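Engineer: My questions all concern the structure below.
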């Protein structure tokens with residue numbers, strides 16, 4: 001018999017790389033990863049389908065979002081009153097940028113909010129599942145679309161931006177739930193007082209009884225922000241006079257109305273800007289004309305008086321050019337002062353545009369002073385006539401120019417159309433822009449597939465359980481047989497768990513009798529054959545079967561192995577060595593009664609065979625664990641176990657001993673001293689190499705040598721995908737009569 005110990009294993013060369021590794025060998029990685037995905041392909045498909053269905057449900061139930069589009073044109077031309085002030089302003093912004101900012105300003109949006117009463121927002125409260133059902137065909141022809149019309153809704157400042165809930169009680173009554181959970185009842189068409197400072201007037205309710213609505217009164221800033229977040233304004237191209245506007249929302253009619261009003265208010269504000277400029281210029285001219293008229297009369301009278309006293313005196317030829325230049329400067333100063341009067345309505349004296357205009361006026365005044373200096377160098381008679389003539393001509397020119405400007409501004413004020421023209425009124429396509437149903441479903445499907453793949457790959461990478469024989473053999477241990485997981489046994493165990501409503505319920509049927517053609521049974525037959533040869537060189541024919549931890553399948557292996565040995569015409573004694581939690585009597589379908597614990601206690605000197613059950617299967621006998629003693633470990637050390645097993649070895653062809661888990665209690669290490677063959681059962685994907693190594697150490701401490709390892713419950717996975725299929729090829733699928 002071959003036995004293995006830690007010292008023997010330490011002398012064996014270990015493989016440089018275990019075959020189960022998924023992280024070191026590229027070729028093995030690909031094969032294993034493919035195996036994992038292929039094994040779990042149906043589960044991954046289910047996850048993908050569920051994700052796709054959820055995506056479809058969301059795409060159907062999501063509230064559609066529409067987009068209204070419009071276009072305006074602005075004329076980048078000189079202002080009729082101010083002239084071209086772009087150089088004066090010194091701004092780095094293009095005219096289009098300024099117009100975009102104007103459209104999105106609180107001035108325009110705030111006026112829109114006030115015009116359409118957008119402070120008040122009413123929306124029906126509809127659960128997601130209800131929206132999903134409403135979206136499914138066929139549409140109900142008489143379905144009521146919830147609607148509520150609010151005429152008046154006033155609140156104190158502390159209740160603004162706070163949602164209220166309205167519940168329909170009848171077509172003419174409703175309840176209002178306040179933020180503090182207070183409930184008020186109101187009637188349609190009647191004002192409902194809210195505390196002391198608020199009131200609500202609902203003029204119409206179109207909804208089923210029980211329908212709820214969300215009601216919010218937004219503050220001015222939040223009302224404007226609500227529009228601003230949904231509004232997009234941009235020029236069509238660089239330096240283009242065309243500006244495109246778009247507004248998104250869930251109500252297509254409402255967003256169309258809002259966008260139209262925004263464009264109208266923008267155009268109206270532009271017109272008002274020209275009218276205000278004209279009005280400012282007119283006020284300045286109206287103030288200057290009476291004073292200028294008096295000044296002109298005084299200048300004319302002074303010139304006439306001087307000529308009458310001095311005789312007819314003409315202006316010298318060399319002074320005429322100076323007078324013409326002075327007249328031009330005065331005209332320019334009049335225009336600049338008119339512009340300054342308009343700018344005074346908009347900017348302070350420190351504004352760059354005001355300072356630039358003041359600089360121009362200062363330069364003209366300096367030029368005017370130089371011309372006046374030239375005049376002072378002429379003879380006194382010429383100076384007088386030049387001075388008087390200059391006063392008349394300049395005042396006359398200014399007066400005529402102001403009269404012309406007054407007429408021009410009056411016409412502008414009366415007929416100003418502004419610089420903005422609405423090109424395209426707001427329009428809303430029937431198809432919403434959101435949700436993108438195909439994209440949502442596609443992304444949900446891809447995400448589901450990714451989650452399924454990632455879950456099973458990560459689970460495989462994080463699972464430290466044994467998956468291949470090579471992992472065990474890398475420790476220097478011999479794997480006698482790998483037993484495939486039985487689908488039939490798994491189904492029966494699943495039914496038992498459902499019936500018993502408990503997670504840990506063990507099987508009460510023998511697979512070797514229920515499904516003799518199962519691949520797991522065929523593997524156990526191979527184990528039986530192996531043990532026939534191993535026991536020939538063993539000290540006795542006691543076969544101990546143990547495991548590292550509970551639920552690795554050692555009792556399953558022991559019971560079915562005993563059945564197969566009995567079927568081969570061998571007299572077999574199956575012993576349940578677990579005196580604490582033994583359950584093999586359930587498999588044998590007999591009461592627990594007296595068993596091993598009573599034999600070891602030896603209180604009545606009853607013969608061994610009086611406590612052994614003869615099963616209905618010929619050649620199979622069974623000894624249960626008996627009643628649970630207070631000191632199982634002490635019973636095992638009293639020497640009677642060796643006597644009993646020696647008796648059993650003499651009276652039976654084989655003795656199969658099922659023990660408690662090795663790492664849980666020391667019973668297996670004690671029992672193993674009397675066994676000729678010791679098998680350690682490890683569970684595929686559950687038992688890890690550290691537990692297996694600890695079991696070997698525990699057995700060696702008790703001077704027990706492990707004959708071999710049984711890898712139980714092998715599943716088709718990445719690591720053993722191809723070898724698993726080899727089981728079917730090796731054992732075949734047998735019919736009930738034993739034929740392939």
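From the backbone N, Cα and C atoms, a Cβ is placed for every residue, glycine too.
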Engineer: In TrEMBL, which of the ranges 417-437, 438-458, 459-479 has the transmembrane segment annotation?
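Structural biologist: In TrEMBL, the transmembrane segment feature sits at 438-458.
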Engineer: Looking at the candidate ranges 42-61, 62-81, 82-101, report the one that TrEMBL labels transmembrane segment.
Structural biologist: 42-61
Engineer: According to TrEMBL, region 'Disordered' applies to one of these ranges: 1-21, 106-126. Which one is it?
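Structural biologist: Result: 1-21 is the stretch TrEMBL calls region 'Disordered'.
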Engineer: Under TrEMBL, the annotation coiled coil belongs to which of these stretches: 282-339, 340-397, 514-571?
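Structural biologist: Result: 282-339 is the stretch TrEMBL calls coiled coil.
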Engineer: Six or more residues beyond either end and a Cβ under 8 Å away: which residues meet both conditions relative to the transmembrane segment (438-458)?
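Structural biologist: Result: 33, 36-37, 40, 43-52, 54-56, 58-59, 62.
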Engineer: Over the span of the domain 'AAA' (541-668), count residues by DSSP class, listing helix, strand and coil in order.
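Structural biologist: Reading the DSSP string over the domain 'AAA' (541-668) gives 48 helix, 22 strand, 58 coil.
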